[in-house]
Structures are given as structure tokens and as C-alpha cells.
Amino acid sequence: MAFLELEGVAKQFGAQTVVDDFSLAVGKGEFISFLGPSGCGKTTTLQMIAGFLDPTRGAIRLEDKDLTAIHPAKRGLGIVFQSYALFPHMTAAENVAFGLEMRNVSRADRAERVRAALAMVGLAGYEDRHPRRMSGGQQQRVALARALVIKPSVLLLDEPLSNLDAKLREEMQIELRQIQRTIGTTTILVTHDQNEAMSLSDRIVVMSQGKIEQIGTPQETYEKPASAFVSQFLGKTNDFAGAIDRTATPALLVVGSWSAPAPAGLSGPVTVSIRPERIGFGDAGLGAKIVTRIFQGNHWLFQCDSECGPAIVIRQNDGQPQPTEGEAVRLTWRPEDMSVRARTVA
Amino acid sequence: MSAAAEERNARAPWALTAPALMLFVGVLLIPLAMTVMLSFHDWGQYKGIEPVFILKNWKEIATDPYYAEMFWRTFRIAILTTLLTALLGAPEAYILNRMSGRWKSFFLLVILGPLLISVVARTLGWALLFGGNNGLVNKLLMSAGVIRFPIPFMFTETGMVVALAHVMMPFMVLSVWAALQRLDPQIENAAMSLGAGPITIIRRIIMPQIMPGVLSGAIIVFSLSASAFATPAIIGGRRLKVAATLAYDEFLNTLNWPLGAAVATLLLVALVLIVVGSNALIERRYAEVFR
């Protein structure tokens, strides 16, 4: 049974539909990411779950109870805001204690739980600091402790790491994942960072223009993107124009000078997507010329000019000699590494 | 860098600020110093001003209860005006801040608009509404039988406080408004998600954060009200004098410039002490919110 359920949720501001027909079932303890570019409706969806916005249509249920009928102050959800929204006039401990105070937790109990929550996020000893005297990362931890101390049924994270620098963000990702695993709180993360979504979540909801593009595990969404948008948004990808020739026997999928037995179903013009790390250099295949070669430590990045337009190739730095700039190469890949979609010819 | 160039660089800031500095010294510091000097001069009905150094004027102010009453009234009116503007202005700014785009700019204009009109015109407006038997509101209420005698407004301290509060309101609203702008837009949602109701949010989250704005607005309103001239002159007239109108009368009616200078100097010194003192207190108390 789904723990948190969204069914056909939609939000309109005037004539503009910001979220449309959003349906999702979240299991207890699951870590879900809403991933998409800015303006795709992910934050709006989160705000509807939090109760700061009312859905225009659809139902949101938590443990089979209608969540939209409950006032946001009574929903008992923990929220970490992008700006953290800490109370600047209160110390870290007072910030964390606020939610407990609102729940009339006794003073002694409160002190104990605040201390434990701050220790959990690695801020033991910072109780009496004011937020403005703390670094961004520390403020983020206070915000997390404040959201978790009330033992929320669902933890909502609204781009919580976007204000941190790259190194700190990576540390916080690992820590966030560990904390979530330990306490097992059902968590929804809103982010525009595909790496963050992939490294943290059990499942990713990829959104674009208010609609769900794909729901799946990080691996599924990366390797079997359901749409051109998903394959473009999650990591780098090569899209080649190809065609399926049903007149040949057996039927052939042809991309430039590369060809393979055609998959069942499709025919005519198609788009073929292959991840750059799945392309190799071979003796036969798509003709290309290396335009630039960039060394990136553990791998090489090649930008090529192929028969089917620009292509990028990533090769592991495994000590083998690599083609140089200006060299003519043949690009080849295994048929199972590509995804093929019908292409409408303009 | 050579020593000469370094010296030139050190002089540059002084050279650049010199015109403004000269203006400041010329039109503020020198007249101010002259006023202070004047307060120690002697004056007689027939001999006029005598440039000697005596404490006569200061002794008179210190001993005659007339002046104590005058200063006490000045500060009482200023304090009441400040309280009234804070009580009305802070909620006004909060409501304004919550309005949506178009209404917000419209009502901001409504609040700031009066600043474009002369204080004299605004105060005379109150006189037209409440001035004795002929005041519009008084006339209406009396003809409707609600009251039998006109509401006393002119020449009363209440009238002065109400009219001053009206004049000073924009300063309080703007000051609180500025504090509200610094609030995290999600802060109320954050408090709500933790289980706080609307009253708790205002009392525990919003109020402490806009308090510095209320207090700095209070300092502006207090010092402007205590030194206000036009409104007390029109509403209070000769019957209900405050420090500013008293100094004015000494200068221009009695022609006792030295005594007027002493009153003006005392008002200035008292205000500077109050403003600097309370400012220091506020900054210490709200150090965390100001950072």
C-alpha cells in the first residue's frame, strides 16, 4: 500500500497550468526525487504536499487520509527550504526546539531531543550559536535538524543543497543519505541537479513543463530514458538521426555507415540515443573526425564531427593509446546500449 | 609606489570631500556654534543683546517651572505620537507587505502620498475637520445629535498627538516596511510547517524580527515630533506651547534671542542624548537580527 499518494494532481495559476495530472505512489521509507529544470512544476508540487498551495484538481493522501483537508500547521511534515528559513533571532537550539514547543513537549524532553537532533547532524556544541554566525553548511544542518526533530511522517527537501559549494554539497549528499537510511523517514527531494537526484534517490520523478516524463530508479531513467527530454536532461547523450529499412532482409537499422539488425516494431525514420561512454572506436561504423580531445584525469572526452552531426565520446583512461585530434575514426556501439525512438520528419 | 604618490593618495579623500565638508561646516556647524554662544549672552528690553558671557538664560530655564512644564509637554507629546505611530504603523506595514503586487504599490502610494503635501496643509486639514463649532466633523455629529458640544481638538494635547501621528506615519511605515523586506519569504511557511498558528507566527517569528525596524522608526518619529514646529504651532498655537514654538516666540515675538537660543540648544542636546542612547541600546539588544 502506498504511504503517500498523489492522484491526478494539477495546479493552475489563472490560465497557466503549472502542474498537470501528477500521479505518484510513494512507499514508506522511500527516497524520491522530483527532478527537472526550473519552472517544471517540481517546487509547486512540493508546496501542494506541504499545504502552502492548494491543488486545483486531484487528491493527495497520506496513509489513506485526505491531506488537502488538513491545515499545513497540522500536517506534521518536516520541510527544509532552499533558503533554510531559519529564525535569525533564535539560537540553533531554539530553532530546533520551536517545533517541539508547538507540540507542547515538556521542557526536559525538549532539551534532550534538541541535543540529540543537533548531534545527529554533526552540530553538537553549536546549540547557542545564532544562524547568522554559522556557515551555509551549518545553517543547512540546523534546518535539517529542525525538520527532523518533530519526527515528521514525510520529509520535504526543497533544493536544500543548491546554495552550497560543490565539495560541501557532495559531503552533504552522502550525509543526507546516511541520515535518511538510519531514521527511515519517507523523503521527497526537489532538485534540478541530476547527479544529486541519482546519488540520493530510490526513485526519480523526471518532470518537464508540469508533466511527469518518467518515474523510475536512477539506473532506469539513465539507461532507459522514456523520452528525448529525459535522455537529454539526465547526463550527456548523443542523438543520431537514423532509419529502419524494412525492405532489406533481415530488416536493418541504419545510422550513417553504422548498421545493425532492426529492433521489432518501429519502421521509417528514427532517433537513436547512445550515452557517450558506451561508444567505442572500431574498424567499422559511423564515420567521424576528432575535433577536440580533452583529458579529464580518469577519462578522455572526445568531441567528434560525425556523418550524423556532432558527437561526444567518453573513454576510460585505461592506458591504451587514444586517437588524436584531427584523426578519422569509426564510432561503434552495441545495439543493446542504444535507445531507439520514432522520429517525425518535419 | 613612491612616497610622494602615497602622500597624494592620502590627501585625495580629503580633497574630494572638501566641498561637501565646507558646506557642512558653513551652514550647520558655524550657525550651531553661534546659537550656543548666543545662549550665554545677555538681553534687556531696552539694551538689546549684549555679547557677554553669563548664565542668566540657563538659570532661568533651570529654575522657572514654566520651562520644565514646556519640555515635559514636548516629550510627552513626542512619546505618545511615537507609540501611536508604532501601534498603527507596524500592522499597516505588515498588511501592506502581504498584499499582492498591484494593490501593494497603490497603497504604498496612498501612504507615501501625504509626504508630497506640505505639513501645514495637512495640519490645517485637521483644523477644518475638528476646529471648534465650525469643524466639518463636529458640525455633522452635532446636527446628527450624536454629541452636544464639539469634540475638543484644537489647543489640546490629544489634537496635537493625533495630527503629529498623521504627519509622521509614513516614516514609521517605511521603516517597518524595510525590516519586513529583509525577512526570508519562506519564514512564515517554515513556522507554519512546524505547527505554529497565525498568532504565534506574528508574536514569536515576525515581531522579534521587525522590532529593530519599529525602534528605528520610533527614533525618527520621536525626534521629528519633539522638534516639530508647524503642527504644534497650528494646533496648539500660543495656548499650548512646546519647545520649538517657545524658541520661535522668544526669537520673533519677545525678541529675546539669547533665551530662545538657550531653549533651542537644550532641545537639541536632549534629543541628541536620547537618540544616541536609545540607538546604542537597540543595536546591542538586536545584534543578532541586525547582522
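Residue positions begin at 1 at the first shown residue.
Here the Cβ of each residue, glycine as well, is placed from N, Cα and C on the backbone.
All annotation found in TrEMBL is predicted automatically rather than curated by experts.
Here is what TrEMBL records for this protein:
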| type | residues | note |
| --- | --- | --- |
| DOMAIN | B:71-278 | domain 'ABC transmembrane type-1' |
| TRANSMEM | B:12-34 | transmembrane segment |
| TRANSMEM | B:75-94 | transmembrane segment |
| TRANSMEM | B:106-129 | transmembrane segment |
| TRANSMEM | B:149-180 | transmembrane segment |
| TRANSMEM | B:213-235 | transmembrane segment |
| TRANSMEM | B:255-282 | transmembrane segment |
Quiz item: Can at least 3 Cβ pairs under 8 A be found between the transmembrane segment (B:149-180) and the transmembrane segment (B:75-94), with each pair 6 or more apart in sequence?
Solution: yes
Quiz item: Would the transmembrane segment (B:12-34) count as touching the transmembrane segment (B:213-235), i.e. at least 3 C-beta pairs under 8 angstroms with sequence separation of 6+?
Solution: no
Self-check item: Cβ-Cβ under 8 Å with the transmembrane segment (B:255-282): same-chain residues at least 6 beyond its ends
Solution: 32, 35-36, 38-43, 49, 56-58, 60-61, 67, 71, 74-75, 212, 215-216, 219, 222-223, 226-227, 243-244, 246-249
